[in-house]
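Participant: The structure under discussion is supplied below as structure tokens; questions concerning it will follow.
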Amino acid sequence: MNFDASQVKYNIRIFYFSFSLKSFPKNLATLFLMHEFFSSQVMSFNASQVTMLSNLKMSVNRRSWHKHGSNLRMVILVLWLVCYVGNGQTIWNNSEFEDNPALLPLATQKVYRSVSNTTAALSRDLGNRAKFCFKDLDSDWNRAFNFSTNLDFLSKCILKTKGDIVGRICGAAEREFYFNASFNKANDTEYWQWQPNVNCNLTSWESGCEPGWGCSLDIPEQVDQQLQKSKDFPKRTKDCMACCEGFFCPRGLTCMIPCPLGAHCPLATLNKTTSICEPYSYQLPPGKPSHTCGGANEWAAITSSSDIFCPAGSHCPTTDKIVACEKGHYCRKGSTSEKPCLKLSSCKRNTGNQNIHAFGIIFIAAVSTILLIIYNCSDHILKIREKRQAKSREAAVKKARAHQRWKGAREATTKHVREIGAQITRTFPGKKTDHDGDTHMMLGPGDSASEVYEDIEMSKHSSSSAAQAQSSSAVSNEESVKRKNLAKEKQTQTQIFKAAYDQIEKEKAMEQENKNLNFSGIVSMASNTETRNKRPLMELSYKDLTLTLKSNGKHVLRCVTGSMKPGRITAVMGPSGAGKTSLLSALAGKAVGCKLSGSILINGKQESIHSYKKIIGFVPQDDVVHGNLTVEENIWFHAKCRLPAGLSKAEKVLVVERTIDSLGLQAVRNSLVGTVEKRGISGGQRKRVNVGLEMVMEPSILFLDEPTSGLDSASSQLLLRALRHEAFEGVNICMVVHQPSYTLFRTFNDLVLLAKGGLTVYHGSVNDVEEYFSGLGINVPDRINPPDYYIDVLEGITIGNSGVDYKELPQRWMLHNGYSVPLDMRNSSADGLEMNPDIGNSSHGKRQQTFARELWGDVKSNSMLRSDKIQHNFLKSRDLSHRRTPSKWLQYKYFLGRVAKQQMREAKLQATDYLILLLAGACLGLLTKKGADDDFGALGYTYTIIAVSLLCKIAALRSFSLDKLHYWRESASGMSSSACFLAKDTIDFFNVLVKPLVYLSMFYFFTNPRSTFLDNYIILACLVYCVTGIAYALAIFLQPSSAQLCSVLLPVVLTLVSSQEKDSKAIRTMADLSYPNWALQAFVIVNAQRYYGVWMITRCGMLLKSGYDINEWNLCIMILLLIGVATRVIAFVGMILLKKK
């Protein structure tokens, strides 16, 4: 808005004559209102109007002037200030401020408003181009250029420049030029490169072009245009002088820029020895002896120049004042105030950082104490619980045995009385009693419980259906009522154990009585609902079973026909390579990489064996047992996860105690099984525990792969006695054995004898095997174990007297049973084709193959094998077992308890992990520069990411690398894979929370970064969660040695890639895909947010160079968590895909 001279003169005269000496205090507010009015309007005055306004002073009569004195002079000077400061002209002498001291604060406020407008315009420009380094632009800019608390440096500059301060401040074009160069090259050593401009060039170099010096505008009327809008450099060569305190004047620019808060910008003094203007780094220009040191010359990143940064140990409340830190306080570099030290820290005078090592010691002591309490108390609780259970169990055993002894004595007395009565009856004969002939018929060695059961079933079917329905309903109702009463009565642990051992002692007594039981006795015992087990009976029959390898067409089994009945123990024997384990795997549905032909029937029906996996037990050849659990804990876990969900606790206790007692494991039930590193129970006891894991789930079919291998005769007999008891319960048992003793051999009911090539030599009762081979002229010599002799014959070591070649034995068996003989086996026994599968089964075997073809064949066979395994793992089948096992969440609870116990027993290993983390934190904290401000602690955080990733990955590998075999066995038996995985991950989550605390208790309190402990903990916890998931995937997909190597290399390589400059697209892509990049970015961002004021250029330059965005901290945390979740999903899928049957 423009005014003409007459209007201005008229308005000011009205304003002047409205004042009187009496009314001056009342109109003081009006004075300031006029000041605000002119401040907003007079900035558009031109030079002639300003000249007319200056003549206004002479138009006031001299009497009034002298009469009102200083008050009137202040009014006129304020109006001059409003007009002339806005136009950048010198409007007063310093003597006028001496005559009117109240005028200087008003002038300072007006200048500060102009400076604020200048910095606000600069903040808008930077906010649009540098959003990556400002989270809250207004707050950051306020921390850098809010000088409202102390404007002394502006007042000094007004006096020094005689009011010409605004005309010396850099305009819009100059500011943009300087800060563009500063932000773009904030991390270069020579960040500021002078470029020629209208004021400083090769032909014109004024004194103001030197560092620390500045000049005023040649045309004062251009102040407003230059400060706000102009994109061109103004002509600025007038009245050059040293830069004011609190400002800096760059080399090559003849203007001043306010120093930000946290800077110290005093006038420089010449060091005559070095000819350097201290505390800055520039020298006086040569050839100008009259030139003196000026003020500050640059505001740059600390990596380029730290001249204006307020030094550590002092704080700078204003940009021209420095105050030493008092004792009990600390001042970091670039501080505007001192901060009190914490109570336990030590802070001397002029200290730049507080010593908080005591807090680290206290913190780690607290964490260690809590961990020790958890581990010790948990182990102590487990031991107390085991002792209480042992006492209850021992008391129950004593009572049960005492009760059984009393019962035995009573029965013996009753029997003796009956014998006396019988003698009296014989002495005095009376009526004869008729006895059924069958009553005295003894069971021969070849008879079995299954045959008895069949007779019982036939007798039941012969009865009427109505009576059967009534009896079955009555029995079922009676059993259900009895079960409910037992569940109600047996609540305490002692009562449960007492009931269990009463039943066990009763079963032992009945077994002892029934050793030589006759037929009618077995009928009566089997009809007893209290003693007979309700397991479903399953018979396996197979015809022309042939197993052929897909890779080379080799026959592993061929034309195997037979059946395995419930209640009988079938032994599979033969020389090495005869296909014994292959037969077992084929019947159990675990054969992979093979083509199966023939038929397998279950109870006479064509059903998949996988439909009955909940009631089928498979004992592997290796003892896959958890070594850090006790014998009882191993067996109890399988009982809880695999027994029917409807069983009460008392019934489960009975099953577990019966299994432990039958396997002779009472003495070692509370002993750890042991591992390779830690000695536990003996090998024979471990083998029995391996069998007990399958016996405890009460299977209907039990497969055992060489359960007696490595056992002595006594241990083998004990194991076979337990299996014999299971067979008596109706279990169909099939086992592979190697050359058993004669005693064990007579324990078996049936025998399957295989020759090399998977051909059957004999399949029938053990009692008939010698008779069959005798018919072929193969007689067992005296004092020779029959199994050993038969295997020697099949190996070709021993030749029988009959002259029958051992290669003809499979064909003789087929002819003996009326089976069809394959065409290639007919009349070819002399050539031995059937006994040499490599020749007879592969027509192309005689052709010479090249190396490339053999290599391609191996690759193809391996891929087919892997594909076959995956198909088996995802094989779906109906559940025909009619057994409802516990739900996934209940199994998750059981898995959680087991893994927790294992972790508690590995307390020393956990303590070692924590100790290594402590040492790593202490060492890296000492190596890292304390309070490293150059890179916001990026170097120390890089070390942290490598160390924590490496140590946590190595520790997390143990969760799955050591338990692969256990998982494969448990998942094949029907246990939930998701429950197992979630339980392990849940327990490992404790380490995810604790390990960052342990590491930071040393690293944080040694380095003492500006970011808070909580911020560092959140990032480190997310990092540990991320690398734990990666470790899971490595442990599942790779072998243990390869997984450990990758765990070491991955964090180092990925962190080095992430810390490199993102110059190429390939490096940027690799960095974006690596987790260390996001972790390092989160650490740097959260630390950079604490740097403000004088650190602004350093922060923006560092973030720009690294490609980070200060607003992406939440994104970094989310990506770390997302990588952790994604790798866990991949690990879980891999665990299902790669599990072995």
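Every residue gets a Cβ built from N, Cα and C, even glycine.
TrEMBL does not curate its annotations; it predicts them automatically.
Copying in the features that TrEMBL gives for the protein in this structure:
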COMPBIAS  462-478  compositional bias 'Low complexity'
COMPBIAS  479-489  compositional bias 'Basic and acidic residues'
DOMAIN    540-782  domain 'ABC transporter'
REGION    428-447  region 'Disordered'
REGION    457-489  region 'Disordered'
TRANSMEM  356-378  transmembrane segment
TRANSMEM  911-928  transmembrane segment
TRANSMEM  940-960  transmembrane segment
TRANSMEM  1017-1035  transmembrane segment
TRANSMEM  1117-1138  transmembrane segment
Participant: With the transmembrane segment (911-928) as the reference, which stretch in 356-378, 940-960, 1017-1035, 1117-1138 has the largest tally of C-beta pairs below 8 Å?
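Facilitator: Per the Cβ under 8 Å count, 940-960.
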Participant: Cβ under 8 Å to the transmembrane segment (1117-1138), counting only same-chain residues 6 or more beyond its ends: which ones?
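Facilitator: For the transmembrane segment (1117-1138), the sequence-distant neighbours (Cβ-Cβ under 8 Å, at least 6 residues beyond its ends) are 869-870, 873-874, 960, 967, 977-978, 981, 985, 1018-1019, 1022-1023, 1025-1026, 1028-1030, 1032-1033, 1035-1037, 1075, 1078-1079, 1082.
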Participant: Same-chain Cβ contacts of the transmembrane segment (356-378) under 8 Å, 6 or more residues past its ends?
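Facilitator: Same-chain contacts beyond the flanks: 342, 344-345, 900, 904, 907, 910-911, 914, 918, 994, 997-998, 1001-1002, 1004-1006, 1008.
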Participant: Below 8 angstroms Cβ to Cβ, which residues of this chain, lying six or more residues outside the transmembrane segment (1017-1035), approach it?
Facilitator: 944-945, 948-949, 952-957, 959-961, 985, 988-989, 991-993, 995-997, 999-1000, 1043, 1046-1047, 1050-1051, 1075, 1079, 1082-1083, 1086, 1116-1117, 1120-1121, 1123-1128, 1130-1131, 1134
